[in-house]
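As structure tokens, the structure follows; a few thoughts come after it.
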Amino acid sequence: MADHTSQPAQAGQKSDAGYWSANVRIILVSLVIWAICSFGFGILLRPMLAGIEIGGTDLGFWFAQQGSILVFLALIFFYAWRMNKLDKEYGVEEE
Amino acid sequence: MDQFTINLLFVGASFALYIGIAIWARAGSTSEFYAAGRGIHPVTNGMATAADWMSAASFISMAGLIAFTGYDNSTYLMGWTGGYVLLALLLAPYLRKFGKYTVSEFIGDRFYSPTARLVAVISLLVASLTYVIGQMTGVGVAFGRFLEVSNTAGLLIGACVVFAYAVFGGMKGVTYTQVAQYVVLIMAYTIPAVFISLQLTGNPIPGLGLFGEHQASGEPLLAKLDQIVAELGFNEYTAHHGDTFNMVLFTLSLMIGTAGLPHVIMRFFTVPKVADARWSAGWALVFIALLYLTAPAVGAMARLNITEQFWPNGTSGEAVSVEQIETDPAYDWMATWQQTGLLGWEDKNGDGRIQYYNDASPAMQERAAANGWQGNELTNFNRDILVLANPEIANLPGWVIGLVAAGGLAAALSTAAGLLLAISSAVSHDLIKGQLNPSISEKGELLSARIAMAVAIAVATYLGLNPPGFAAQTVALAFGLAAASIFPALMMGIFTKVNNKGAVAGMLTGLIVTVIYIFLHKGWFFIPDTNSFTDADPLLGTIKSTSFGAVGAVINFAVAFTVSKMTGPIPKEIEELVESVRVPRGAGAAQDH
């Protein structure tokens, strides 16, 4: 198993907590975008977007069948990039 | 060369390719499955994950469900891709840091409880077995068509091939075989879609063609489709008809189910670093999105082509004649698919024409009465045949049809075999060796793995003959089960300090409530006619059995938090484990136990 305790846990405690809350914040923002683009624009808010026409239908239909997937892709790559940066900021990256 | 020979050639060549790569890769030293993820680039790993993940449900079944329902079935598109966001943000990096190989091991260690591990194994078995039933449905359709036999015969032959393929086993483990399967699968899916998109809209990218112009009429493609299906009394394609609440729950079930399925999560345990686990989920979704962005175009364009084939003189003109169906080569696909028993038509009023319309629509009933029609004469069009029949319907060249047959089989076989391997190792390794008989010999373990596999495939084949739904619907049930049991436990294991009793109680309630809800609607153990409710009129409000996974997950979370609050905190060393999993630093290589 990976070593869970061998790192100097005491010294790293404070920055680890900061790292974790920064991570949770990034996750929350990403998940809000995730939900707005799929459940929001794709389903619940579709009536509100009905006026915006695209290719014979409305923007909500486009989000449900194309847009949400593209947003998901962007989110995952954004998160990977942002977290790898955060790892370095807090000095918790892997060797 | 006739179509049967071409199909045989393509299927044979693709199988020779997979076996060839398996043998070639085996000669090297990295053939062992768990080691295979090490040193493999995240892009390659993403392709292999995509092949593992996209099954008969994605390839054979999904576009057909979208084609005949329209917008409402966008749920499959959002649900089966959105789950990767949850996986990448909430699970993959932490499970990689934890550093073991299986989901049940994580749950067992984090909740310091063999019972938790046992419940996790049972949940995985229930979800995986349901998943295999859906795959067998797809296998039956693909083999039935490709060997030109009935669906039942196709299913039985397919079951034997899947069993042999899974027992051959090692093949599955080689990442490069999966990369080859991905390449065959994605070419088989996109090439016909590009052809059809060019034919209809002049745009070579199907996802753009879907929102482009229908060249024959000069109108937007989707507006044209809305118009002609409405003229036949069907629901407008792009409009929302079903219940919104159920649609949200269904999408959510598919998403969290994706993030709770063991064979996908496992791929992230074995990447070299925590950072790679984050990228790998992204690359997997890139390769999955190639199919998922194409699927809605395949569905809409196929629906348009089919409707126009049945109404060659326009929807207000004369329907296609029986004579034309029997003699015109453009309609040859109908005779071929009739053999499988999955397509049927009947000239009910004896006017020598086949009228395809919605006979439940009042407006169409008036028109039918005026014209002497006696009901819809396209009596059976199984949704699962649409993708495989699509290139024939669009009159594409023979090699494209052969390629699609090979792609459909690659999708169904790779996932079915992978799931059977997961089931057999869960039974022999986690259940028998881990719980019932720790002193079992290696030979005994192997034998029990084989027996588990044979039993699983026999059950799946039997239930596949009378499946609880089309392939993608059955697979959706499997996702609901994973959503209600595994995902909440994993997430609470990382993000909260819920204790062992809470986790066990949560998983058990989530799983049991969801299983019962599904059985009440789909029949006990999926045996037909033992159900008390139907999805048309479900037990709770508008919540269909396919959407219940999200409810099960909420129940799981609620029970776990309540029980955990009442039974005290977790031990110090588990608290340290949770803290350590949250930080990438110090992630060693993944280890067996």
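Glycine residues also receive a Cβ, built from the backbone N, Cα and C atoms like all the rest.
Source: prediction; values computed, not measured.
Features reported for this protein in TrEMBL:
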- B:6-25: transmembrane segment (TRANSMEM)
- B:46-71: transmembrane segment (TRANSMEM)
- B:116-133: transmembrane segment (TRANSMEM)
- B:153-170: transmembrane segment (TRANSMEM)
- B:182-200: transmembrane segment (TRANSMEM)
- B:247-269: transmembrane segment (TRANSMEM)
- B:281-302: transmembrane segment (TRANSMEM)
- B:399-427: transmembrane segment (TRANSMEM)
- B:447-465: transmembrane segment (TRANSMEM)
- B:471-495: transmembrane segment (TRANSMEM)
- B:502-520: transmembrane segment (TRANSMEM)
- B:540-563: transmembrane segment (TRANSMEM)
In contact by Cβ distance (the transmembrane segment (B:46-71), the transmembrane segment (B:182-200); 3 or more pairs under 8 Å): yes
For the transmembrane segment (B:540-563), distant same-chain residues with Cβ under 8 A (at least six beyond the ends): 243, 245-246, 249-250, 252-254, 256-257, 469, 473, 476-477, 479-485, 487-489, 492, 496, 498, 501-503, 505-507, 509-511, 513-514, 517-518, 520-522
Contact set, same chain, for the transmembrane segment (B:247-269): CB under 8 Å, 6 or more residues outside the stretch: 37, 45, 48-49, 52-53, 72, 75-76, 78-80, 82-87, 90-92, 95-96, 99-104, 124, 127-128, 131, 240, 277, 280-281, 284, 418-419, 422, 476, 478-483, 485-487, 490, 543-544, 546-551, 553, 590
In contact by Cβ distance (the transmembrane segment (B:502-520), the transmembrane segment (B:46-71); 3 or more pairs under 8 Å): no
Other parts of the chain folded back onto the transmembrane segment (B:153-170), taken as Cβ under 8 Å at six or more residues beyond its ends: 22, 26, 31, 33, 135-137, 139-147, 340, 412-413, 416-417, 420-421, 424, 450, 453-454, 457, 460-461, 464-465
Contacting positions for the transmembrane segment (B:471-495) when only residues 6+ beyond its ends and CB under 8 Å are counted: 55-58, 60-62, 65, 76, 79, 86, 90-91, 94-95, 103, 106-107, 110-111, 116, 119-120, 123-124, 126-128, 130-131, 133-135, 137-138, 141, 250, 252-262, 265, 384, 502-503, 506-507, 510-511, 513-515, 518, 522, 545-553, 555-557, 560, 578, 581-582
Contact between the transmembrane segment (B:502-520) and the transmembrane segment (B:116-133) (3 or more Cβ pairs under 8 Å, separation 6+): yes
